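Visitor: This is the feature table in Swiss-Prot:
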| type | residues | note |
| --- | --- | --- |
| REGION | 2-119 | region 'Mediates interaction with E4F1' |
| MOD_RES | Ser2 | N-acetylserine |
| MOD_RES | Ser2 | phosphoserine |
| ZN_FING | 51-105 | zinc finger |
| REGION | 179-203 | region 'Disordered' |
| COMPBIAS | 179-189 | compositional bias 'Low complexity' |
| REGION | 315-318 | region 'MOAP1-binding' |
Amino acid sequence: MSGEPELIELRELAPAGRAGKGRTRLERANALRIARGTACNPTRQLVPGRGHRFQPAGPATHTWCDLCGDFIWGVVRKGLQCARLSADCKFTCHYRCRALVCLDCCGPRDLGWEPAVERDTNVDEPVEWETPDLSQAEIEQKIKEYNAQINSNLFMSLNKDGSYTGFIKVQLKLVRPVSVPSSKKPPSLQDARRGPGRGTSVRRRTSFYLPKDAVKHLHVLSRTRAREVIEALLRKFLVVDDPRKFALFERAERHGQVYLRKLLDDEQPLRLRLLAGPSDKALSFVLKENDSGEVNWDAFSMPELHNFLRILQREEEEHLRQILQKYSYCRQKIQEALHACPLG
């Protein structure tokens, strides 16, 4: 991406609250591979996706379906994921959604990955992720030092109420596809500039892969939280996937190694930016899939939690039925062998 950076403005945002109610189940899903700068033939909606090699997802897979957008959860049947070795697809979906996947498996992509470690291997120089609390005078001094180091007009500004505003840059490194509202004309990144925002109820959706070099600058408040940054990015790209499918990471280069850390929902990216300074090597932000395997059950609504309990009970009953059937079959074969043996 070239030219002047496009900015996303985040001002006064709604206070943190419980996640919204679960979306209605998808009636019909359309999936298209959107190639940047090229038109797509709408008739491809009827063509099954090619190249995928779906396998059962791992036991730690707790994520959202790339087709219908619903949460994938279970103890035994967690879902399917594309495991094609020569591709970087990772398309993940429910078992029930497999037949509806129309998005072709993406070929090998240079995503610019670098080896990352989550903890320092040098015990003499531990990585400190804690951030100190600054006084108002220290914040003012930090802002002056920050503005003196940058070579652009993306300054930080101190407000009268003690808060401050500034800019953060987020790089999107998404392996899996994202979903946008389906329309007569397939969406593009340029369409995001004209969109009003994410809809609350989307029953038809189109999936595509975002370019690997997508970068966005956001103008945020010091109290803007990581979760709000994710939601703003999704609105800008018209993405209707659940924000909990994604996570914001901080990336740092130290001693020739790259360190990644997942930000908590309530962490304040601009505060981290101020403490680290303007250097991208000292700190940069990356949006990735939230594939840590951890589930924050408190973030789900009551209807969603009750639905998960029903799924768990149904899966437990099915698993018990299969076990009983297996042992019953084995017992029957042993009894048949006993009856076939001659007496004495």
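Any Cβ shown, glycine's included, is placed from N, Cα and C.
For each feature listed, report its degree of burial, its nearest neighbours and the pertinent distances within the displayed model.
Guide: Mean pLDDT across the zinc finger (51-105) comes to 78 in this model.
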Visitor: With DSSP as the reference, give the number of residues of the zinc finger (51-105) in helix, strand and coil.
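Guide: Each residue of the zinc finger (51-105) counted once, the result is 3 helix, 12 strand, 40 coil.
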Visitor: Work out, from DSSP, the number of helix, strand and coil residues along the region 'MOAP1-binding' (315-318).
Guide: 4 helix, 0 strand, 0 coil
